[in-house]
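Undergrad: Structure in structure tokens, see below.
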Amino acid sequence: MAGHPEENAQLLSTEQESMSRNSSDSVASTASTTSLVFDRIGERVAANGSEKPTMVTPKFPPRGERAYADDEHTQIHLEEEEEKDYDMEDGAFLTNGATNKSVDKKLRRLIWIIGGVFIGAWVLALFIFLGKQAYKHSSESPHDPQATSSRGSGKKVTMDQVMGGQWRATKHSISWIEGANGEDGLLLEQGSVGKDYLIVEDVRTQSPSAVGTLDTMTLMKNGYFEVAGRSLTPSKVYPSKDLKKVLVATDVQSNWRHSFYAKYWIFDVETQTAEPLDPVDLDGRVQLASWSPKSDAIVFTRDNNMYLRKLASPTVVQITVDGGPEFFYGVPDWVYEEEVFAGASATWWDDSGKYIAFLRTNESEVPEYPVQYFVSRPSGKDPLPGEENYPEVREIKYPKAGAPNPTVDLLFYDISKAEVFEVKIAGGFEPKDLLITEVVWAGSTGKALIRETNRESDVLRVVLVDVVAREGKTVRFTDIAKLDGGWFEVSEDTRYIPADPANGRPHDGYIDTIIHENYDHLGYFTPMDNSEPILLTSGDWEVVKAPSAVDLKNNIVYFISTKESPITRQLYSVKLDGTDLKAITDTSTEGYYGASFSKGAGYVLLNYNGPNIPWQKVISTPSNDNQYTHIIEENKGLADMAKKHELPILIYQTVTVDGFELQVVERRPPHFNPKKKYPVLFYLYGGPGSQTVSKSFGVDFQSYIASNLGYIVVTVDGRGTGFIGRKARTIIRGNIGHYEARDQIETAKIWASKKYVDESRMAIWGWSYGGFMTLKTLEQDAGETFSYGMAVAPVTDWRFYDSIYTERYMHTPQHNPGGYDNTSISDVKSLAKNVRFLVMHGVADDNVHMQNTLTLLDKLDLAGVENYDVHVFPDSDHSIYFHNANRIVYDKLNNWLINAFNGEWLRTANAVPLEIDAAKV
């Protein structure tokens, strides 16, 4: 379920910390925006002339003068200031009038008395009126979204704006590449107007003090090329390390979430001509292709078999022969792509270019799940005669919880010997109990680190393999179940640190995320077989997908962390010996930062993602002699748009449930009045290790609800979510949904008790894991707090979801049958106690299968429960996009919620026909 908070990415806040890990083809996917980055840099250099750049953080207008507050007391204070401003204008007017000497003092006193009596009577009448209104049932006062008060020129956030991406901040990605001779600060630039199609720029040329820089280098002059009379257009590009060739993918066809098929071509930079990757199979659909670090060969997978093409010869060498429907080589199957690698590659070159590590996946025992397509034919194949009216069925090997997993082996290929071999190491897991989650080559040493866990992800083994000697050993073994009862998250952030005795590093080593006193921190293991790390970070905070980069020249490690707050992100550095911890970003103000470093860590693209308008700049790191800063994106258009619209007031605070402090954000309507009674919608995701409450900027569906409809929207990250310590995270193990639902309910009770909340109009909604949590909360609450719920693509029984994700948090069903019974949505009588709920699902969902919703409907039918609505979307997967479906999802949520808070569903329980007026017949 990796990445699910972003299923509806255009509607959610940017860079919530479920950021997906980059796959091996990240260069191709990001190169196209680098041109904009470099154009911005060039514009600023031209504008500044010889002016020396500084590292000053640019200041940008906030989303609104009072759009943010840290707690309720701060917000009340701000509202009082607003009222004082209004009173001061009146005061000034009255003062001017009081200077008129001609007004008799007695007359003036009489006027004041009469005015006071009038105002007192008006206030009393208003109080009586409001008092009567307060006792009206919500259904008697329908909410009119168009009647939300508006002052001045402020506009409401609209659904069209949100759905159309108009509130998305412009954000550029940089494709940093390493030069052929190790140069740092090189960018791959693709598709820039007025420039050649694919070029390499040197960011160092933008610094007046830079020396030894490279001239702009053209890799591809045009955005098209010809091979054997065919005109081809690049979809993805992968330059060789020596920058003499470009591997080009065309005719890309999507497979699963990350993987795709394509035709590949080798483009020669000098001659500007191309040839097919495989000269004897021009139309072969290749699943994955990657360069040798020495730029002299390409390894690729086709039809689940691996091949090697050396540039010195047109001949393609077949590495494996038994790949097919049940055996995968070098690419992951569905569950490994989704839950382990979050990418399309299971192939790893060593830096010397002499060896390739790759995964062999055996799916022969994995059951198949049929995904049906009733409208489209994703295979692209015409049906057989007579089968035109039957749906297309795609059988996917999908291991559900407790079912047989694919078995995996790590194999190696010796290029000089053209030999595949395996290194067996004693003390490992049984094949049916083994997950291989990460492979990291130790540079050019011929050694590799392999991270393995058992099936339930609570026992970790790190293995060091020497492929030259063809031997290996276990260097770390940790039973996390004994440590805190939790699990190991999948990670691919381990960083190899080569030995450099002259620079204070006598041995090779690696940096890994470790558990230290309830939090995730960085440890430096050196030598590589040392099981006790040098602790680089510590404290009641966590590192996030760290390290971000390592400056080997200066022994500096860069990382993002939650040191200032669980809901912010700042960039820090620390020395390899664990000393000299420094903040790189300005921690005196709140910020939610991301960073993308150049290959040598001398430069970084710094992304400020909130709480105010996002911006980006390229800066040199502190140890770089060529110091400069260039802003590449300010999002002025977004800032102007924010000024013209009335955005929700965001109140960040915490609640304590069962001794755990939980992060909450409340989105109030722009003209919030504490004397009114507001409906409240809770929005959640809540998956293990996820985070929804953050200080990142985002105007999404929740913002629309608060701004346009005038409802309050609350999000609480309950137990099980990330960045608040492992104790709060791991308490859910074996019983997911229980504590998370309790946290939603207890927080909702706090809101229900607030004077400005209409406790009879409270709803909750979520997608994917959030859909499961919506139903689980309604089930546990049984109508006591929440009256309504909306669940999109929900899991309803964790026995239906994939094994690797589910068993990490629940163990296997064989190990924990009672836990699976508890977590399933089965108490439908409790669901019947809610006023009404809505369920929506994509019929072709290959992730959370439609089986989940259909099984729930059957339970509801058996129990005679009818207080719900259902909408299914033909041929839509988990993101629900097919044939305008995504817009329908949000229109449905919008209209259904308005009807709920208008009390429409209160009138459906015992519907009676209207009397027929004979006069109108």
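From the backbone N, Cα and C atoms, a Cβ is placed for every residue, glycine too.
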Undergrad: Can you tell me which of these residues Swiss-Prot lists as N-linked glycosylation site: Asn100, Asn822?
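TA: Checking Swiss-Prot against Asn100, Asn822, the N-linked glycosylation site entry points to Asn822.
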Undergrad: Which one of 45-66, 485-506, 573-594 shows up in Swiss-Prot as region 'Disordered'?
TA: 45-66
Undergrad: At a 10 Å cut-off from the C-beta of Ser768 (active site, charge relay system), count the other C-beta atoms across all protein chains.
TA: 26
Undergrad: Including all protein chains displayed, how many Cβ atoms other than that of Asn822 (N-linked glycosylation site) lie within 10 Å of its Cβ?
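TA: For Asn822 (N-linked glycosylation site), the count of other Cβ atoms within 10 Å is 17.
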Undergrad: If you compare CA-to-CA distances from Asp845 (active site, charge relay system) to each of the recorded positions Ser768, Asn822, His878, which comes out shortest?
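TA: Sorting the recorded positions by distance from Asp845 (active site, charge relay system), the top entry is His878.
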Undergrad: Which one is closest to His878 (active site, charge relay system) in space, judged by CA to CA distance, out of the recorded positions Asn362, Ser768, Asn822?
TA: Ser768
Undergrad: How many Å separate the Cα atoms of Ser768 (active site, charge relay system) and Asn822 (N-linked glycosylation site)?
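TA: Approximately 19 Å lies between the Cα of Ser768 (active site, charge relay system) and that of Asn822 (N-linked glycosylation site).
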Undergrad: Where does Asp845 (active site, charge relay system) sit by DSSP, helix, strand or coil?
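TA: It is coil.
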Undergrad: Could you give the mean pLDDT over the topological domain 'Vacuolar' (131-921), rounded to a whole number?
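TA: Reported value for the topological domain 'Vacuolar' (131-921) is a mean pLDDT of 93.
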Undergrad: Select the most exposed residue of Asn362, Asp845, His878, where exposure means the fewest other Cβ atoms within 10 Å, treating these as the recorded positions.
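TA: With the recorded positions Asn362, Asp845, His878, fewest surrounding Cβ atoms within 10 Å: Asn362.
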Undergrad: Roughly how many angstrom lie between the C-alpha atoms of Asn362 (N-linked glycosylation site) and Asn822 (N-linked glycosylation site)?
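TA: That comes out at 33 Å between the alpha carbons.
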Undergrad: Should Asn822 (N-linked glycosylation site) be counted as helix, strand, or coil on the basis of DSSP?
TA: helix
